[in-house]
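Below is one structure, written out as structure tokens; comments come after it.
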């Protein structure tokens, strides 16, 4: 493949795409076109399930919304919040993900609009929030199994279970994104089926009046909003896999559309079944309660099915999130924002160093509780989304004629109006955070503010090699001293 390196004395305007997007080099530095398609391209069906697992993975974890606010507010929340938050985020991801179809994803969006410093900050907070989010899945996995295996409730057995689970799922990511995509399909079908059956069994017992129960004087707004927000965000995570998608200009928007419907229905269907068929006891509605509901409605066999589905669903969410996190680090390295060794690909075409870094972060954070993990990752995620919103609007203003295979069907003013409700939601989520979560999260943000200059210092001293992938269009986000003439893989 012909390289398209910009001359050293020419710097295109920030955000300008002077060359077409082309394939990335493989682990041996060869043209990606020589790599078997099965190793490097993801089609629409696996992509839908990858998005499903990035965002949802099923109704596991939504129980706290009922415990915090009652059935009516829980149902309304999962109807309204997708309109306020999920659809705008999915639309932004469709437009910018097809405008910049590379593995840097939202990092490149922000860098092209605000410069490489803020692009790095975006990458830092989003990667950190993703790793924190991924640390949740071993917790949820063991929470669903501890009723059947009490030893998994704590101590060395739980620690060894987390370690073993993380190792097995990390190996799946190492074997390739296509493998992860088809595993996601199988896990997704298995995880959704018991809730479909539970819904059918619940039909004779449904009492619609139970859906209308509400007590506004007894609402834990912090837990309620954090639960809704956590279960309906991360639509943009799929953007860090754009470089691995078959025909992203058409495939990504379609996959996001189908995934939004899939996720919302996947929440509302079991929520309506569970709250309508069983008398309300808000104290019981907490993490893992769907397995108890399954036993009440269908018996032990359905409980075991739901528990197995929960376990496998958490496996699916883990591998999807780790794929996103690790490919993000690869994409940042290809833009010269991280050392070149992060761009190394294994013989399966996967970002080996990124996978190992992400797995290490999961193990370090997996001792936190469910509520602490959700609150911390939501706080950090909010910072990243504010940067994305700003970048989206600035790119519309500064680069209105740039190629966009998919374009949100609104003018600039309409896009700004679309972003007002989600921005207000971000402010509310941040305001409701506890002091402990706020201090820890702000400390993490502060680390990123000094980490980027530290990496630039390391680069100028020649302590680590940084390089820009010349197969990517020059959009003015590479570091000044990163070589644009050498490939990113040693």
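Residue positions begin at 1 at the first shown residue.
The backbone N, Cα and C atoms fix where each Cβ goes, glycine too.
Among the features that TrEMBL reports, region 'Disordered' is placed at 1-25. Per TrEMBL, the feature transmembrane segment maps to 44-62, 68-87, 99-118, 180-201, 256-280, 300-320, 349-366, 378-397, 409-431, 437-455.
Only sequence-distant pairs (6 or more apart) were considered; of these, at least three Cβ pairs between the transmembrane segment (300-320) and the transmembrane segment (180-201) are under 8 A, so the stretches are in contact. Here the listed stretches are 180-201, 256-280, 349-366, 378-397, 409-431, and the one with the most C-beta pairs under 8 angstroms to the transmembrane segment (99-118) is 378-397.
A Cβ distance under 8 Å defines the sequence-distant neighbours of the transmembrane segment (349-366), meaning residues of its chain 6+ beyond its ends; these are 26-27, 35, 39-40, 127-128, 130-132, 134-135, 138-139, 162-163, 166-167, 170, 173-177, 318, 322, 325-330, 341-343, 373. Outside the transmembrane segment (256-280), and at least 6 residues removed from its termini, the chain residues within Cβ reach (under 8 Å) are 44, 48, 51-52, 55-56, 58-59, 62, 66, 70-71, 74-75, 78-79, 82, 86-87, 90, 93-94, 192, 195-196, 198-199, 202, 205-208, 210-211, 213, 231-232, 235, 238, 289-290, 293, 296-297. Counting Cβ pairs under 8 Å to the transmembrane segment (409-431), the stretch among 68-87, 180-201, 378-397 with the most such contacts is 378-397.
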